[in-house]
Amino acid sequence: MASSRAILAMGLLAAVLSPALSTRSFISMPADVSSPVTLANGLSYGYHANSCPQLQDIVWPIVESAVLGEVAIAAGLLRIFFHDCFPQGCDASVLLTGPNSERDLPPNQTLQPRAMQLIEDVRVKVHAACGATVSCADIIALATRDAVFVKLLPTSLAKEPMQAGESEMFYFYDLPLGRFDSLEPANSSAVFDLPQSTADANTLINAFKSRNLEPIDLVALSGAHTVGKAQCSSFNNRFSEDADFARRLAANCSSDPNRLQDLDVETPIVLDNQYFKNLMEGKGVFTSDQVLISDGRTDWAVKGLAENKYWFYSQFRDSLVKLSQYQPGGNVGEIRRNSCFAPNGRSIPATAGDEGGAASA
């Protein structure tokens, strides 16, 4: 793996690591469990190659430093990415402040301000180097991708010895770029389509289907809960359940309903497949987590991802890229020149918000 780490050090972040770097054969992974990822209109893998060729070399060190300094940033970026893309596509609408802001609605009130500010910090650096050529929406996607890789690199590529037959490869996935920023927030009905922590399997599957996502995408993307925390008030519906783990959750939260609970109770700061193993042991924190192992449309995926960490890495990558292609209204908008938190026509200064209040991630 020295070769792949050297590639990262040289800043060649746009490439998918080549199988030629691996000295072992790939372990087998299920095929044809998800529809192929197709490029959305107007997006391409080399979109910024001429206008901002150093883009990914600017984004990577900023995100790497932030995530290594605070693990919650990775979870915060993943949650912002999902909450931005799911309502009306990946258009940075979730960042907008002011009238009708998505951030004022209950599903988004605990989005992490520090992760939002990181996106704006990256925009400032990118625009200083390249001009206003890169959208906040593209920066969200790139920052999230880099945060995922920062969390995987030390645990999956450096620390764990390879077992016989395992691959030394992990794909550093490339992203299609060229998104525009929305001119206004998504409407409230679209924001309330975001899956809730109390949702049952049928509700979850239908919600993802409405976004052209399949049950395997639902399960893989739920794996983001392998990092991050949630306020006790977001899963207090579990407290009355007659199960040891539910009673443990209730006891942990008894003194403070706003206490933060790790969503992965075994390896909370590592982006790995332990989350799925937890579900098989009845240790899912949210109802929306635990139901994935009790429904025939999703239980096979939970079991498979629990058994095969490389399938999780691969499917998580594919499902993130697939979600990033969701564009129900087409790729329209602008590139925000002055702030990720305000459209170009608004001169009122906008910020990520104060640091008050704990943020689920």
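Cβ coordinates come from backbone N, Cα and C, glycine included.
Binding of Ca(2+) 2 is attributed by TrEMBL to Asp264, Thr267, Asp272, and within the candidate set Thr226, Thr287, Thr298 the record adds Thr226 to that site.
In TrEMBL, the cysteine linked to Cys253 by a disulfide bond, out of Cys232, Cys340, is Cys232. For Cys130, the disulfide partner named by TrEMBL from the candidate list Cys52, Cys85 is Cys52.
Other than the site residues Asp84, Gly89, Asp91, Ser93, Glu102, same-chain residues with C-beta atoms no more than 8 angstroms from the centre of those residues' C-beta atoms, the Ca(2+) 1 site, are Cys85, Pro87, Gln88, Cys90, Ala92, Val94, Ala137, Ser182, Pro185, Ala186. Among the binding-site residues Asp91, Pro195, Thr226, Asp264, Thr267, the ones whose Cα sits within 10 Å of the Cα of Cys85 (disulfide bond) are Asp91. The two recorded residues, Asp84 (Ca(2+) 1 binding site) and Cys90 (disulfide bond), have Cα atoms 6 Å apart. Of all Cβ atoms in the shown protein chains, 25 besides its own fall within 10 Å of the Cβ of Cys340 (disulfide bond). Report note: the Ca(2+) 2 site is defined by Thr226, Asp264, Thr267, Asp272, and the residues of the same chain whose CB lies within 8 Å of the CB centroid of those residues, excluding them, are Val227, Glu266, Pro268, Ile269, Val270, Leu271, Asn273, Gln274, Tyr275. Listed in sequence order, the recorded positions from Cys52, Thr226, Thr267, Asp272, Cys340 having a Cα within 10 Å of the Cα of Ser93 (Ca(2+) 1 binding site) are Cys340.
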